[in-house]
């Protein structure tokens, strides 16, 4: 539930890792 960081930030651009199931949360990409 968004507790595992994906090692990507989403301050300026969306999460590229969203293709792998990650989502932006608090300017950092987390895996759902």
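Keep in mind that glycine also has a Cβ here, set from the backbone N, Cα and C atoms.
Positions annotated as disulfide bond by Swiss-Prot, on the basis of similarity to another entry: 6-22, 10-24, 15-29.
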Give the number of CB atoms, excluding that of residue 24 (disulfide bond) itself, located within 10 Å of its CB.
19
Between residue 24 (disulfide bond) and residue 6 (disulfide bond), what is the CA-CA distance rounded to a whole number of Å?
10
What is the total of other Cβ atoms whose distance to the Cβ of residue 15 (disulfide bond) is within 10 Å?
20
Mind giving me a neighbour count for residue 6 (disulfide bond)? Other Cβ atoms within 10 Å of its Cβ, every protein chain shown.
20
Which disulfide-bonded residues sit within 10 Å of residue 22 (disulfide bond) - Cα, from 10, 15, 29
15, 29
Secondary structure at residue 22 (disulfide bond) (DSSP, helix/strand/coil)?
strand
Taking all protein chains shown into account, the Cβ-based neighbour count within 10 Å for residue 22 (disulfide bond) is 22
Here the 10 Å Cβ neighbour count for residue 29 (disulfide bond) comes out at 23
